[in-house]
Amino acid sequence: MAESALTPLRLAQLRRFAARFALSEPEALSWELLHRALIHPSWSAQEGGEDNDRLEFLGDEILRLLAAEFLYRADPELTVGEMTAVRSVLVSDVALAELAEGYDLGEFLVVGRSASGDERGRITRLADGFEAVIGALYLSTGDLGLIRPWLLPHLAHLAESVMADPTRGNHKSALQELTQKLAAGELPEYRLVDPGPPFRYEVWALGRLWGSGEGPSKKLAQQRAARGAYAALRSAFDTALQ
């Protein structure tokens with residue numbers, strides 16, 4: 001769809017959205033590609049036409065490349081394993097959805113009826129849309145010039161936070177390692193106490209409750225519960241772990 005085929009209202013919406021990124025060369029942006037990046041598959045399933053699936057695939061690969069390059073240059077002492085762990089957080093649905101919310105992407109995302117009331121899928125929709133926008137920016141110029149200036153500061157800020165976290169953002173894995181250090185074979189038990197959404201989980205280990213967490217998805221609720229439980233266990237057994 002060329003720019004002339006976009007309705008004046010939609011084009012105005014796209015211009016407002018693009019302005020949030022303070023692009024270095026806004027005139028190079030393809031409005032047709034940006035429009036497509038903001039069409040969720042639920043809309044194309046309902047109304048026909050193109051959606052952002054392919055752009056999301058491209059954007060996912062670009063994000064992984066940029067995150068890997070950033071970590072490679074940021075700290076020469078990071079091992080491959082450490083870089084992999086940090087990158088997995090940088091490009092996670094939760095991290096990307098938070099970035100998308102910062103740019104109000106949901107306001108411009110076109111979704112079908114089947115998805116409009118699906119709160120459970122909101123994080124994935126936002127993350128996929130964000131990746132699709134990355135893909136659209138790349139295809140607009142054929143390079144990373146429209147992406148690096150605004151994305152790298154986000155990666156730097158998040159990477160700093162993740163690397164300062166001993167769990168590297170994977171609280172469930174860190175909690176499991178911790179419980180096994182304290183008692184061989186001991187695994188945390190996640191108990192669903194509110195079927196939601198939002199979902200709420202409690203984490204039990206060593207015969208007692210250590211934390212709880214709430215989130216729009218079961219995965220996120222468990223991670224939040226594990227984060228609190230990890231901190232509580234570390235505090236309670238600090239001497240034993242030294």
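Yeah, the Cβs are placed from backbone N, Cα and C, and that goes for glycine too.
Listed in sequence order, Val91, Glu131 are the same-chain residues at least 6 apart in sequence whose CB falls under 8 Å from the CB of Asp60 (active site). Residues or ranges marked as active site in Swiss-Prot (evidence: sequence analysis): Asp60 (among others).
The active site annotation in Swiss-Prot covers Glu131 (among others). Cβ neighbours within 10 Å of Glu131 (active site), excluding its own Cβ and spanning all shown chains: 26. Following the DSSP three-state reduction, the secondary structure of Glu131 (active site) is helix.
Residues or ranges marked as Mg(2+) binding site in Swiss-Prot: Glu56, Asp128, Glu131.
As a summary of secondary structure, the domain 'RNase III' (14-142) carries 97 helix, 2 strand, 30 coil according to DSSP. Feature annotation from Swiss-Prot assigns domain 'RNase III' to 14-142; the stated evidence is sequence analysis.
If you look up Swiss-Prot, you'll see 170-235 marked as domain 'DRBM'.
A 10 Å cutoff on Cβ-Cβ distances gives Glu56 (Mg(2+) binding site) a total of 22 other Cβ atoms nearby, all chains included.
Counting every protein chain shown, the number of other Cβ atoms lying within 10 Å of the Cβ of Asp128 (Mg(2+) binding site) is 27. Note on the domain 'DRBM' (170-235): its mean pLDDT in the predicted model is 87.
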